[in-house]
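J.: Mind looking over this structure? Questions follow.
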């Protein structure tokens, strides 16, 4: 099976800071891949390389190759806007637009020239994000009136509405309470039927619950990547074992 994403000898710098050093890994389709590691290890930097978000930051340099379905996303003739449409991003803090719930979901599709049934697209996206039943009678109310957990699921629906292949999530539940976090985790598990998901999390219990593969990063390097059950119970590297057992973090 061809990987959905293939990362080959990836190096990334913020100015002189060599933040990612020789990362090579595959992300399989319709799986949840978790990126774990201590703060500053490069998890979020790697995630943002996967849809060219980091190149919006001045003074950065990238070397290496990232392939999506076999195509180089950093090739000179590749439009970064199209990359970000195919590989969507959900951020750590919910960031709904100051618009109605409906407009939040429809906006991306509208600016991308969607010509299908917008009402159906909004409903489908909200259902996929497990939010439809909670908001179907208030679609034209402000998204800012929703709870934090609902706002984050709305942001997931907004990402899905542009019909990506891959969804990147940067600690999507870190600002939420346990009940809202559980709902997000259930949503992620359902979404992998239709999407490939890469998630950054500091919560190792969360990684073990929802991911199929886990990659452990430390000081900008990929230390180990394996099926999640194996990485948490039978890690191959001493440093991985020390991290997952809480001896350092």
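Yeah, the Cβs are placed from backbone N, Cα and C, and that goes for glycine too.
The domain 'ABC transporter' annotation in Swiss-Prot covers 5-244 and is backed by sequence analysis. According to Swiss-Prot, the feature ATP binding site maps to 37, 38, 39, 40, 41, 42, 43, 44, an assignment based on sequence analysis.
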J.: Check each residue in the chain of residue 37 (ATP binding site) that is at least six apart in sequence and keep those whose C-beta is under 8 Å from its C-beta; list them in sequence order.
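T.: Sequence-distant Cβ neighbours: 43, 216, 217, 218, 223, 243.
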J.: Other residues near the ATP site, CB within 8 A of the CB centroid of 37, 38, 39, 40, 41, 42, 43, 44?
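T.: The answer, listed by sequence position, is 45, 217, 218.
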J.: Are there any residues at least 6 positions away along the chain from residue 39 (ATP binding site) with a Cβ closer than 8 Å to its Cβ? List them or say none.
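T.: 202 - these are the non-local Cβ neighbours of residue 39 (ATP binding site), listed in sequence order.
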J.: Averaged over the domain 'ABC transporter' (5-244), what pLDDT does the predicted model reach?
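T.: On average, pLDDT over the domain 'ABC transporter' (5-244) sits at 96.
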J.: Let me know the most crowded of the binding-site residues, choosing from 38, 40, 42 and counting other Cβ atoms within 10 Å.
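T.: Counting every other Cβ within 10 Å of each candidate, the maximum falls on 42.
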J.: How many other Cβ atoms sit within 10 Å of the Cβ of residue 43 (ATP binding site)?
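T.: Taking all protein chains shown, residue 43 (ATP binding site) has 23 Cβ neighbours within 10 Å.
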J.: With H, G and I counted as helix, E and B as strand and the rest as coil, say where DSSP puts residue 43 (ATP binding site).
T.: helix
J.: Determine the Cβ neighbour count for residue 44 (ATP binding site): the number of other Cβ atoms within 10 Å of its Cβ.
T.: 20
